[in-house]
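Below is one structure, written out as structure tokens, with a few remarks after it.
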Amino acid sequence: MLVTGNDILVPARAGKYGVGSFNTNNMEITQAIIHTAEKLRSPVMVQMSEGAIKYGGQDLANIVKDIAERATVPVALHLDHGSSYASALKAIKMGFTSIMIDASHHPFEENVHETRRVVEAAHAMGISVESELGRLGGIEEHIVVDEKDAFLTDPEEAVRFIEQTGTDYLAIAIGTSHGAYKGKGRPYIDHERIEKIASLTSIPLVAHGSSGVPAEIVQRFRDSGGEIGDAAGIADEDLQRATGHGIAKVNVDTDLRLAMTVGVREVLKASPKEFDPRKIFGPARDVMAQVIEHKLRVLGSVGKA
Ligand SMILES: O=C(COP(=O)(O)O)NO
Ligand SMILES: [Ca+2]
Ligand code: NA
Ligand SMILES: [Zn+2]
């Protein structure tokens with residue numbers, strides 16, 4: 001069933017498990033996410049960035065809503081990295097049930113102002129809101145944040161931000177970054193910071209940049225003709241520690257991008273004569289389902305629906 005982000009995340013924080021929030025850009029990705037969640041009796045969030053909305057529009061949003069409404073587990077449709085009040089309102093009009101307003105690259109007061117506007121509008125429509133404080137490294141869809149500008153979330157500031165905005169859940173910068181290159185080897189996750197923020201707050205916390213970039217998928221990507229550098233993602237153990245301390249929503253995009261591409265490349269390489277789209281995108285859907293299954297097990301949301 002299609003529900004709001006709060007419906008899914010408030011129990012997750014209380015239950016000390018994480019809920020995967022997976023980015024989608026087409027039907028097969030959406031099916032892999034929701035069908036795998038149903039198979040494992042897990043709540044799940046499907047998110048679309050502004051780029052995905054540009055790419056698939058209401059067509060894609062309707063596919064997600066329709067599969068979510070018929071699903072036998074709770075599913076929210078979430079706007080990922082909403083960049084403005086207007087973008088948030090448009091997504092609500094499209095039927096999104098959870099909205100991120102990401103104004104974290106602005107100074108604190110401006111971030112508060114922007115976030116509070118969206119919270120008031122979204123709450124009037126019964127929609128829950130994610131906002132962000134602190135700055136991840138890596139590439140956020142609409143801005144490049146290089147290391148020197150990335151800054152981790154200050155716990156006391158987080159308390160003030162939540163009080164002043166009324167945000168329902170909060171994305172915090174704790175060492176993760178977007179994309180396939182999260183740092184040399186195992187990216188450093190500031191668990192003390194997570195645990196401090198969790199001890200001072202009671203709303204669900206969000207970890208962006210939480211793809212694991214599994215070595216097996218990276219190897220298959222290379223073996224099937226893909227080119228990728230020394231990619232590294234967040235370690236399963238780091239995610240498990242974090243979900244035990246306030247992190248309730250865990251954003252994953254890169255892993256699905258890699259998995260889908262591996263599926264397609266492997267078919268095209270093995271069967272050069274193949275041109276049936278079902279034979280090309282079907283196996284890609286299966287690789288994504290395997291990656292999603294692993295993530296749901298790591299996050300501990302299996303059986304929670
Ligand atoms: O935070 C993410 C995705 O992060 P990854 O690149 O690690 O999948 N989306 O908002
Ligand atoms: Ca941001
Ligand atoms: Na988000
Ligand atoms: Zn993100």
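Backbone N, Cα and C define each Cβ position, glycine as well.
In the record from TrEMBL, residues H81, H178 bind Zn(2+) 1; the candidate from H105, H106, H113, H208 listed for the same site is H208. Binding site for dihydroxyacetone phosphate per TrEMBL: G209, S210, S211, N251, V252, D253, T254, plus G179 from the candidate set G166, G179, G282.
With respect to ligand 4, the binding-site residues E132, H208, D253 contribute H208 as residues with a C-beta closer than 6 angstroms to one of its atoms, given in sequence order. Reduced to three states, the DSSP call for T254 (dihydroxyacetone phosphate binding site) is helix. Close contacts with ligand 3, defined as a Cβ under 6 Å from any of its atoms, occur at D80 among the recorded positions D80, E132, S210, V252. A distance of 13 Å separates the Cα atom of G209 (dihydroxyacetone phosphate binding site) from that of E132 (Zn(2+) 2 binding site).
Among the binding-site residues D102, S211, D253, the ones whose Cβ sits under 6 Å from an atom of ligand 1 are, in sequence order, S211, D253.
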